[in-house]
Amino acid sequence: MLPYIALILVCWSVLSQAAQTDVEGRADKRRPIWIMGHMVNAIAQIDEFVNLGANSIETDVSFDDNANPEYTYHGIPCDCGRSCLKWENFNDFLKGLRSATTPGNAKYQAKLILVVFDLKTGSLYDNQANEAGKKLAKNLLKHYWNNGNNGGRAYIVLSIPDLNHYPLIKGFKDQLTQDGHPELMDKVGHDFSGNDAIGDVGNAYKKAGISGHVWQSDGITNCLLRGLDRVKQATANRDSANGFINKVYYWTVDKRATTRDALDAGVDGVMTNYPDVITDVLNESAYKNKFRVASYEDNPWETFKK
């Protein structure tokens with residue numbers, strides 16, 4: 001009889017600990033933060049930035065004259081202290097990214113949960129934006145999502161620099177629907193990265209028929225200084241009852257003082273060349289009880305409620 005009682009007590013203890021852990025996890029009121037590794041354009045850089053503490057990356061995407069996504073390439077000029085010329089063929093990068101974000105793959109990085117594609121649509125005419133979205137969707141579906149069969153699990157943000165290129169969003173969505181995978185739009189978010197007036201950004205989303213899954217970026221190269229006025233406008237919109245923004249991120253943040261300022265302004269993400277710097281600040285006594293590094297269980301389209 002005693003062995004059975006002992007077994008029951010052990011099981012009860014394990015279940016109690018699990019329940020307590022679950023409650024503590026759900027009770028965590030700290031703001032989740034996405035640490036975005038900046039300008040990750042070579043496959044080898046994926047591991048490099050994740051190992052430094054990034055849980056998300058930003059990748060540049062250039063287009064050819066026919067609106068096909070061609071390379072993961074930034075070019076000169078770029079951030080101070082960085083090599084501007086690293087690149088991959090876009091589809092090769094997608095395959096490498098898929099390996100890094102597919103559970104069970106030998107190259108899987110569990111911490112990598114979100115990818116921002118900085119779409120260099122400045123080389124395109126306005127009337128090519130819809131076609132660019134369609135071609136981007138086809139490439140992602142085949143080479144990243146593996147045609148919907150156990151592809152990469154990371155959330156994707158399509159970051160567009162020009163408000164006039166909002167038809168890219170519709171083209172992307174229409175192509176996924178046409179190819180039989182509209183459910184993948186659940187994994188896709190949006191950003192306009194041109195530092196336009198917040199009201200103008202909202203109007204562009206209305207034209208695109210988008211409500212939800214909205215990240216709002218603000219920033220400038222690390223070679224220059226930029227204040228946080230527009231960041232505060234974006235966070236005010238996010239926190240208002242009728243705002244259209246779900247998350248706000250600031251770029252490029254490489255210094256501890258700038259990181260603290262951004263966190264104090266209430267951002268959800270910080271784009272950086274030095275993820276370890278951001279991690280260090282998050283561990284400081286003034287911030288570790290207010291913020292935490294986001295995990296895959298954190299919905300990147302959900303507005304954080306204090």
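A Cβ is built for glycine as well, from the same backbone N, Cα and C atoms used for every other residue.
Among D92, D118, D126, D162, the residue that Swiss-Prot places alongside E58, D60 at the Mg(2+) binding site is D118. Between C80 and the candidates C11, C223, Swiss-Prot records the disulphide bond with C223. Every protein chain considered, the tally of other Cβ atoms within 10 Å of the Cβ of H74 (active site, nucleophile) stands at 24. C78 (disulfide bond) sits 11 Å from H38 (active site), taking the C-alpha atoms as the reference points.
If you count neighbouring Cβ atoms within 10 Å for each of the binding-site residues E58, D60, D118, the highest count belongs to E58. When the Cα atoms are compared, E58 (Mg(2+) binding site) and H38 (active site) turn out to be 5 Å apart.
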